[in-house]
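J.: My questions will all concern the structure given below.
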Amino acid sequence: MVSRVIPVDSFDLVIFGATGDLAARKVLPGLYRRFYSGQMPADARIIGAARADLDAAGFRDFAARAIRDHVGPAKQDKAQIAAFLEALDYVALDATGTQGWEELAPKLRAGVVRAFYFSVAPALFGDIAERLHQHGIATADSRIVVEKPFGRDLETAKALNATLATHFAESQIYRIDHYLGKETVQNLMAVRFANILFEPLWNSQYVDHVQITVAETVGVGGRGSYYDKSGAMRDMVQNHLMQLLCLIAMEPPYHFDPDAVRDEKLKVIRALQPVPQADIVRGQYLGTRGRGKDSVSSYLEDVENPDSRTESYIALKVHVANWRWQGTPFYLRTGKRLRARTSEIAITFKQPPHSIFDDAADTWQENVLVIRLQPNEGMNLKVMIKEPGPGGMRLVQVPLDMSFAEALGEEGTDIPDAYERLIMDVIRGNQTLFMRGDEVEAAWAWADPIIRGWEERIEKPQAYDTGSSGPDDALMLMHRDGRRWRSIHD
Ligand code: NAP
């Protein structure tokens, strides 16, 4: 299958925070890959901005290192890298001061798309937005890209939205949730709305329950002090898992159009019921100190806070209170230092109303549609068939397994990183895969009372072993409903 690459219009992209971790790991390598694929026009320009005292040559060196370290060997092409670096420029600039802004303005061209990537701490968003206007740099159709975390509760998210709204219209603001840029997540919409097969069954009459799992093997690493103020609910559930839930639960939008899609997602968030504390399990990983050379530290050691009550794991049962989903629970879980790095959505269907097979009660298993986000993006539908061979009609469950890498050949193994896709969407002016301000606020309005609930109870999360599937109570969360989590494996 030949990939269709449609070049985007020419653009000037300013990256604020261009010398930071996100720029080095995701933004610059992503832009290079789009350049390599022919999607980024040759005259497009990328202007780095940060306080570091670099010139254009110094920033090109930084970008060359980022490409060397974060782009796979297949795209390490000297001539292409050199051509890409030609597009780079740099301004030493202080977001909170006056230095650099006068220099930035004349670097931007008229008549091309103008985008500003705020790859800096959210505390700087207001300063940057204000100065972009003060210096006449932002035009009426300029776009700004902002990163998570988008607030830490409803109040701060509202304040951030208000700050941005002072200078930019909602149609100019691109709030990134990189989960929405993942190919399989978009495929979820294709599977649901481009096939007749699933949608008639996509409701509480036929779906027993849904499981969403985002499991990581890593701990909090160097992000300890940031993470300890956040926790899995704020860092993962309120945004990433929420977006996945929305795409599964939403009604078909009338068109694949930014506001049509986001209106439907918003309705799902507004239909979420409050979650009682009894339906929530929070955990903190234990370390393996003293168990050989590969031993690892515990959460409490990682965050250097022995009294921390922040969760590195959370599992919760969520209900979407609307006509379609009444009675079908959504079980969400995410955590660090778990058995495997895996993200998936599993839709478990109900039993057929009547069985014509005598021994079906012993062998029957539910149909499950699994959408794998990582590793090995793909889909898997578990169906019952006859066990081959003579000796009566015995049933067995088999997977109809589709790995995108296998099904799509070369193209399937070359799935663009979420950031590549999303940055190109910014240039195209397509907001479908970005969160709207009201969506973010609605998600916090749902999450806030849940978080307050455990904060008021001053409850400590349950300890769980590194390399396990999470705390024991999480198993009970499903057991008591007569259900089981899917195993966490590679
Ligand atoms: P980082 O490594 O700390 O980089 C911050 C960048 O901001 C640096 O380039 C820094 O350069 C610049 N900066 C700081 N103060 C400045 C100022 N006053 N004026 C101009 N530039 C300034 O942070 P990061 O990890 O790249 O994260 C950037 C944003 O993305 C944050 O909002 C973060 O939450 C979000 N994010 C990051 C990741 C990730 O994987 N890293 C993932 C999701 C979201 P100078 O010090 O030279 O000015």
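Glycine is no exception: its Cβ is also placed from the backbone N, Cα and C atoms.
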J.: Please pick, from K78, K107, K317, K336, the residue that TrEMBL records in the substrate site together with H178, K182, E216, D235.
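T.: Answer per TrEMBL: K336.
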J.: Would you pick out, from the binding-site residues R51, K148, H178, K182, the residue whose Cβ has the largest number of other Cβ atoms within 10 Å?
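T.: Highest number of other Cβ atoms within 10 Å: K182.
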J.: What whole-number distance in angstrom separates the two most remote CA atoms of the substrate-binding residues H178, K182, E216, D235, K336?
T.: 20
J.: Among the binding-site residues E216, D235, whose Cβ has the fewest other Cβ atoms within 10 Å?
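T.: Result for the binding-site residues E216, D235: minimum number of other Cβ atoms within 10 Å at E216.
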J.: Out of R51, K148, H240, which of these recorded positions is nearest K182 (substrate binding site) by C-alpha distance?
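T.: If we rank R51, K148, H240 by Cα distance to K182 (substrate binding site), first place goes to H240.
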J.: Quick one: which of these binding-site residues, H178, E216, D235, K336, have their CA within 10 A of K148 (NADP(+) binding site)?
T.: H178, D235
J.: Cβ distance under 8 Å to H240 (active site, proton acceptor), same chain, sequence separation 6 or more: which residues?
T.: D177, Y179, V214, T334
J.: Give me the CA-CA distance between E216 (substrate binding site) and R51 (NADP(+) binding site), in Å, as a whole number.
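T.: So the alpha carbons of E216 (substrate binding site) and R51 (NADP(+) binding site) sit roughly 33 Å from each other.
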J.: Cβ-Cβ under 8 Å from K336 (substrate binding site), same chain, 6 or more residues apart: which ones?
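T.: Residues satisfying the criterion: E216, T217, V218, G219, V220, A232, Y285, Y299, S312, Y313.
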